[in-house]
């Protein structure tokens, strides 16, 4: 029997932020040094208002004072105010460290365009300046730009080498990374650990272990990296053995071991280890957050909820994790409610929660809720975040509000391929072909590749890897489908198959359909037949994969197989369904069929609650027509509703007038 989580976490077990408050809040600063230290400490604790108050009350300030308060605003996700303070800094106090703080701050808030502008404008640069900009390019996925910058650096240190090493490893360029590693004049424990991590990510565990064993000095990070390498490559039991012999453990180590079990689907073992961890209080909030996400990934929504409710202290990661759990498990209404509760609790949304809830709004096509989330984005100062803005544009496009999607798109300076593609797709789906072509032309003029195929495959791989490692956004089925589609279009069929085999979840029809489509283009019959078999299991009545496989057989002059496949379609009574589309108008979602039918269903949504699935109405009565043309009653089960809604939402046909 699983032990209850309700009483596991006690308030007295947690570190409370109020504990050091008396030391920080009491009285004016004794001297300039202590005042500067207190400003930085308050900022690290998230007490921005108190830090600003102390700064404003200082009778004497030096460059460290100004740099500390600027850094405080960057740490709190408020780059605009950080810039205003930098501009207000007296010129004699504005030194190289001040400029470096701005570059690093913009890099940390993922605003590479602004970071580059400050870097280019610097009157004087040092190795810290160059390394900060180098890190920005690497974390943004622009490893080519990072390499060019690295070659231009007048001086390098071990940090510069390690950052560049990480960029190469992130792209899977292990041999080049090893060559750079061997060139390093000095290798510290961080550089060696990075190389171990790179080997682990590439699945080269024997080389990783050899380098790990050769390390003259190891720290807890080195041990944890090797342990995680085993866990991520499916050797959780070996990881546990390493965990048991580690000379030192910290909360990251415990969390990594728990995540290894959860990633392997072994929730019970993870919970047992979590209970053992509770014997040495306090349980870190970060560990609880990882447990919530892992349990949710394994479909253990109730256990994740119980743990969340039992936490005496919750941070933004706790709330965003719970929202992600709901989103991942198709509980859109609960996700919206959790987001509202997060705001009501006074917790500021982070970019992960905003991306998740925007995805929910896009899935439901609920424009009203999407606009409310947009307001939260502006209030939280995440309107400069690449992931959030991309999700915002996608939400407006899927809700049919091209006007607002254009506004958001036009004011964002660093547009990526996903944003351009969302705008092109949005215009095309609304029948605005000429406008879609115009956006496509603008995209090419801006120097952005139309797709991530061809020469952009490596960039696509890098972006996919960075989702979880850099942005803490776990790839979902649709992201894997995009990877399979990208690799397939580039002719990398075998790599696409390997990607499917490594998926932590069961591939759906979209994934196999992407592979089948690629097989048609590149005439790979063996893989096509495998993909078609999987599609028949998932969608036995679907006509699309039959038609695609027929076309592949026909292209190879395999007329006997074509005839057999068509006979099988007739025997199974498989026929193509008319395309469907839907649109939200004044709180109702109207459904249309591609055979010329009028609106056949509408979904009500109340002013205060998310759309209620049981409120479907027919156009003239209480019965409507399902997307496949069959009559359906207004009382559907949740799974039937989800399947029907998914069929509608995936349709590429939209009403044009």
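Heads up, the Cβ atoms here are built off N, Cα and C, so glycines get one too.
Where the annotation comes from TrEMBL, it is an automatic prediction and has not been curated.
According to TrEMBL, the feature compositional bias 'Low complexity' maps to 623-637. Residues annotated as region 'Disordered' in TrEMBL: 611-657. The feature repeat 'PPR' is assigned by TrEMBL to 31-61, 62-92, 95-129, 157-191, 219-249, 250-284, 315-349, 416-450.
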Secondary structure tally of the repeat 'PPR' (250-284) (DSSP, helix then strand then coil): 24 helix, 0 strand, 11 coil
Reported mean pLDDT - the repeat 'PPR' (62-92): 90
Counts by DSSP class (helix H/G/I, strand E/B, coil) across the repeat 'PPR' (31-61): 23 helix, 0 strand, 8 coil
